[in-house]
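Engineer: Handing you a structure now.
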Amino acid sequence: MYDSTYWGTTLFFTSCYLSAGLAIIPTVWFIFHGQSAAASLGVWVTVADLVHAINSTVWRKDAIDRSPIWCDISSQIILIYSTGSICSCLCIAKFLAFALSPSSRNISHEDRRRINIRNYVFSLGFPIAMIPFHFLYSPTRFGLVRTMGCEASYVLSWPTFFFFIIWSPIFGTIACGYTAYVGYKLFQWKCRNASPKNSTKLPVLRLAWLCITYTTAAVPLSIYYMIDTIVRGNYSHFSVKKIRANSTGIEYEADKLKPTFYDAMPLMGSGIYIVFFTFSAELRNVYKQCFWKTFNFLFKNPFKTKHIPEEAENRGFGKHTQIHVDVDYDTEMMEMQAKAESRQSSTTVPIASKTSVSPPPHTSMFENIRSSKTSSDQTFCSSPNAMTQLIPKMN
């Protein structure tokens, strides 16, 4: 029987797995290249996609408490994702506003290190610091929903607004202001056909379009969610004892049979992130380098054999034969005694006198020979034709 809820959930967590796999590649690249703002946004969209994918896979048919510890962690990540992603977008917009401002300057290594620490503390540390305050407005340990798995539970009270709801719209509004300034400066930059003074490994235009697109999509959704929660929510008087009366229990929700648009926000954020960075020119070069390194490692290195030079069998004059010729001009190059030391190779060369003398009987015409040795520590000539140059012409 056709079940639209089952197939819708299957499509949802499949898309989340795919988005997380594609978003993690530029995220790692940004971390190693010191781009903290873009890296923190990649961390949020990747982690949120993985959490939603795992939850939808495990609880796509029911709402049974299978893993309490996992639900404790994943529900808090889902709770703070919206704030964390908008904080990261604010860091990107602030960096772009600084890079495009008239008073910008080149960033030194120490300045970039301080900026990276500040961005990570704000975009990752601030949302994580909101988690302990969830104790004040959480009536149960966590909630379980069919098809979506673990979710954070809360009641509407003043700590809920102050520690959870208002921060996404506040930081989103600030990010919109920076983004508008960035768009204005980019328009002026394009008209003047100039370039920003501040250098960066990332194209400023691509970062700006990412910031504009994500701010345009996420900030209105956070404002809409805040208004919807205020208008339709059931308010309760704040009392920690009353709210935490059933703090160890689990809240089950059965009427949510398919993902809502708010649940798809991590999927939307990762989609924007992937479009601008995963298939960019910088990452394509990285993919090519990784592919060829892997190919060479798997297919070429095992078949490489060590080259062993062959010893020359011909002991005549080779290309690299080293010859030592002792010439005595007074005695017209008389024969010298062969040395008794070890020799690597020996080559005899007959040297004929200028005056033709017939050899006496019982003697060889090659009696007067010159013995030369080849040694690695002596280099006098290195070509077969050098012999004729070493023998002077006799008058």
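Numbering starts at 1 and runs along the chain as it is shown here.
Using the three backbone atoms N, Cα and C, a Cβ is placed for every residue, glycine included.
Predicted, not measured: the structure shown is a model, and the values here were computed from it.
Under the heading transmembrane segment, TrEMBL lists 6-32, 39-58, 78-100, 120-137, 161-184, 204-227, 264-283. Positions annotated as region 'Disordered' by TrEMBL: 341-363. For 343-357, the entry in TrEMBL reads compositional bias 'Polar residues'.
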Engineer: Taking contact to mean three or more C-beta pairs under 8 angstroms, with sequence separation of 6 or more, is the transmembrane segment (39-58) in contact with the transmembrane segment (161-184)?
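Structural biologist: Contact absent: fewer than 3 Cβ pairs fall under 8 Å.
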Engineer: Are there three or more C-beta pairs under 8 angstroms joining the transmembrane segment (120-137) and the transmembrane segment (204-227), sequence spacing 6 or more?
Structural biologist: no
Engineer: May I ask whether the transmembrane segment (78-100) has at least three C-beta pairs under 8 Å with the transmembrane segment (161-184), counting pairs 6 or more apart in sequence?
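Structural biologist: Per Cβ check, the transmembrane segment (161-184) touches the transmembrane segment (78-100).
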Engineer: Considering only Cβ pairs under 8 Å, which range in 78-100, 120-137, 264-283 makes the most contacts with the transmembrane segment (6-32)?
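Structural biologist: If we count Cβ pairs closer than 8 Å to the transmembrane segment (6-32), 264-283 scores highest.
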Engineer: Sequence-remote contacts (6 or more beyond its ends) of the transmembrane segment (120-137), Cβ cut-off under 8 Å?
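Structural biologist: Sequence-remote neighbours of the transmembrane segment (120-137) are 36-37, 40-41, 43-44, 76, 79-81, 83-84, 87-88, 90-91, 152, 154-157, 159-160, 163-164, 167, 238, 240, 243-244.
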